[in-house]
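Since the structure comes first, as structure tokens, the remarks are kept for the end.
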Amino acid sequence: MLPARTALWLRLTLVLGLALVGPVTVGWALARAPIYVSSWAVRVSQGYQEAERLARKFGFVNLGQIFPDGQYFHLRHRGVVQHSLTPHWGHRLRLKKDPKVQWFQQQTLRRRVKRSLVVPTDPWFSKQWYMNNQVQPDLNILQVWSQGLSGQGIVVSVLDDGIEKDHPDLWANYDPLASYDFNDYDPDPQPRYTPSDENRHGTRCAGEVAAKANNRFCGAGVAYNARIGGVRMLDGTITDVIEAQSLSLQPQHIHIYSASWGPEDDGRTVEGPGILTREAFRRGVTKGRGGLGTLFIWASGNGGLHYDNCNCDGYTNSIHTLSVGSTTQQGHLPWYSEACASTLTTTYSSGVATDPQIVTTDLHHRCTDKHTGTSASAPLAAGMIALALEANPFLTWRDMQHLVVRASRPAQLQAEDWRTNGVGRQVSHHYGYGLLDAGLLVDMARSWLPTQPQKKCVIPIVHTPTPILPLMHVRKNVSACAGHANYIRSLEHVQVQLSLSYSRRGDLEISLTSPMGTRSTLVAIRPFDISGQGYDNWIFMSTHFWDEDPRGLWTLGLENKGYYFNTGTLYRYTLLLYGTAEDMTARPTGPQVTSSACVQRDTEGLCQECHSPAYILGHLCLAYCPPRYFNHTQQTVTAGPGRPATPALFAASEHPGHNLLQF
């Protein structure tokens, strides 16, 4: 255990050292010093009994599994100070010496900010202008409703500060299996009521998704027949464990998780998910929904006033999340909107105080027309994605991102940075690929051919210290792993992993240019970011190169946009390409989903089969049998009047309810 005198000396050294830099830097650094809490995450390979033994041995309380597989456990020690600036070295050494402990981590407080903006002077609007054709274009949701789609059978969970489950507009769709309270560890996600109603955020987001229609109360959710749940996790101590557990709740039951929160949008924070939360994302997309992948919908951020950039937020710039930005009714850029290369699409919200806002459910069984910020945009997208998933429940998490790229349009969205990328799509750092169109999204979802397996190509480029010049370009000709199993023909996400030092981090602009000439700003100048720490293995992400051919010359740009005497060193630079071996620009449009076993029928009612060899998945014609399916032979049903059944190759999923027919 670290002696008290030594610990005191370390604290004094930190404070005195920071004092030499100045009071602003001292306050900023101390505010971001880790605060350790009395809980630990521990991994043991032998399951619950071993975790119980460990807890009893060292005086912990076992709070249960973090993930369903039973290897990670949440332990709490009642004899440890709840909040401390230093870790508990005694327990650290004891856990480290135990041979059954594979990994452990004392949890630290994580500050998460709800991305909401409330302008109480706005008037009430009885109609939902973003859905009912008052504004052109709207989100084109009426077209989807006219097809009989309303989110039936889809489960959405809002990860936030709770959900008022007995609200008149929510109770009929409330799903207790999609809900939990990780702040108090009980199954009731009801929000904690306060005089200021600060815990209204989750209830408002839930109403946007699944407020009941035709009940003469409030408004209608985008997917008004979807099941809706809520996770209470922002109203209390927030740790890596709590975030991971929230993102891992019922992954075979919940289809979509909607999150409108993240690190502080103050223009100087660079922070992302912890080890466990990153693992939760990975497990979600690889194992959730029977292997099709959980859909994580994320608000891009409200830091526009502070010139923040959501590529400094490791949640919204993850390849596993679908990041959503905002626009106003007039197609203007909201003052709070952040620009970054990871934003994929945009839905409506509001801007100045006179703009109409979003109508939704509110605490105390009320309604509100004062919901705004990117908090309002992400749940609208989650509802639209629920409609698409109802139309085609076999879509993978990557399929959905491909569809969102194609179903987003620049429309009337106003920005100076619209550019055409290498495959002819317009894209913006403010809006991604544009305003999401629910009708187009659903139409394409019906006929979408499954995306081939994801490939990852890792290209180390800089691995020795290199001085950063005022204007510097690092160029690399890449083959995209041609000739190998992980060869990529069509890009999806592109990541740049950087380790560098810089005297004033916010003055450094970083960009990436693809072989097809698309330039994407990974991070622009952030005037409030005065840190001299630089970036430590930070991963930037861009969606602007979607479907481009990655082979050729890539250029990383580093430019000092601030103080002339800024200096720094580039230590490591790795380019990470994600995509598929298929040429996505050449793929044809697939047939529509039908209600029969046939792809389509002619005027006499005879079955029109897929061209051999082909597969049918959920009445979709596929070019190949997707992963996680196996084949055996069975008889097909009668295809038409007088037509006998014929043998067919049946490809069955390891997950119930999924099957394929090959004709």
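Residue 1 is the first one shown; counting continues down the chain.
Cβ coordinates are placed from backbone N, Cα and C, and glycine is handled just like the others.
Per TrEMBL, the features are:
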type	residues	note
ACT_SITE	Asp160	active site, charge relay system
ACT_SITE	His201	active site, charge relay system
ACT_SITE	Ser375	active site, charge relay system
DOMAIN	451-583	domain 'P/Homo B'
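Features per TrEMBL, on structure.
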residue: Asp160; record: active site, charge relay system; DSSP class: strand
residue: His201; record: active site, charge relay system; DSSP class: helix
residue: Ser375; record: active site, charge relay system; DSSP class: helix
As a whole number of Å, the Cα atom of Ser375 (active site, charge relay system) is distant from the Cα atom of His201 (active site, charge relay system) by 8
For His201 (active site, charge relay system) and Asp160 (active site, charge relay system), the CA-to-CA distance in whole Å is 7
Residues in the domain 'P/Homo B' (451-583) per DSSP class, helix first, strand next, coil last, are 3 helix, 72 strand, 58 coil
Excluding its own, the Cβ atoms lying within 10 Å of the Cβ of Ser375 (active site, charge relay system) add up to 30
All chains considered, the count of other Cβ atoms within 10 Å of the Cβ of His201 (active site, charge relay system) is 27
Here the mean pLDDT of the domain 'P/Homo B' (451-583) is 98
Other C-beta atoms within 10 angstroms of the C-beta of Asp160 (active site, charge relay system) total 32
